[in-house]
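**Student:** First, the structure itself, so that you have it in front of you.
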Amino acid sequence: MEPPAPPQEQPPRPRSHTVTTTSSSFTANLSASSSTLAYDREFLRTVPGLLMVTEIVLGLLVWTLIAGTEYFLYPAFGWVMFVAVFYWVLTVFFLIIYMTMTYTRIPQVPWTMVGLCFNGSAFVLYLIAAIVDASSVTKDLHNHNYNSWAASSFFAFVVTSCYAGNTYFSFISWRSRTLQ
């Protein structure tokens, strides 16, 4: 018996050298918009920018001082935690929006009104939370959470005053836009 014959190779077929590409308007707009993302360093040098950074730093202190204790045993501190964490996250979100100048890319949103409502609600709810925080602090001999709660109460009032300042500046900005 003879070994089987190797299969014969087919000659290569000629290939087309034409390549056609298409792009959708979505990808074209996405690539154009992402390459022109602005960054506003000067915002941090303004009074509202400095107040916002202070709100973030001290707001972080408020909720970490409480989170390091047995706050869940006291419903009042649960409310303070909710307000502190909620507005801390939103303040970080708004800082990113202002730093990247995203507000200029979404002109449909009335940003001055949004800022006024945000800062006004943060001021009112943080004031309530700071009062609740201060009134819930008790110096119990068996309670090792006193210092953390007292410090969080102090910083909550400082953050409240920062939000009050930003509410004032937001009101001035909103008022100047409505008069034009």
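Just so you know, glycine gets a Cβ as well, placed from its N, Cα and C.
Sharing the features that TrEMBL gives for it:
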type: REGION; residues: 1-21; note: region 'Disordered'
type: COMPBIAS; residues: 1-13; note: compositional bias 'Pro residues'
type: TRANSMEM; residues: 43-66; note: transmembrane segment
type: DOMAIN; residues: 43-175; note: domain 'MARVEL'
type: TRANSMEM; residues: 72-97; note: transmembrane segment
type: TRANSMEM; residues: 109-129; note: transmembrane segment
type: TRANSMEM; residues: 149-171; note: transmembrane segment
**Student:** Can you tell me which recorded stretch out of 43-66, 72-97, 109-129 has the most Cβ pairs within less than 8 Å of the transmembrane segment (149-171)?
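**Tutor:** Stretch with the highest Cβ contact count: 43-66.
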**Student:** Per-residue pLDDT averaged over the domain 'MARVEL' (43-175) comes to what?
**Tutor:** 92
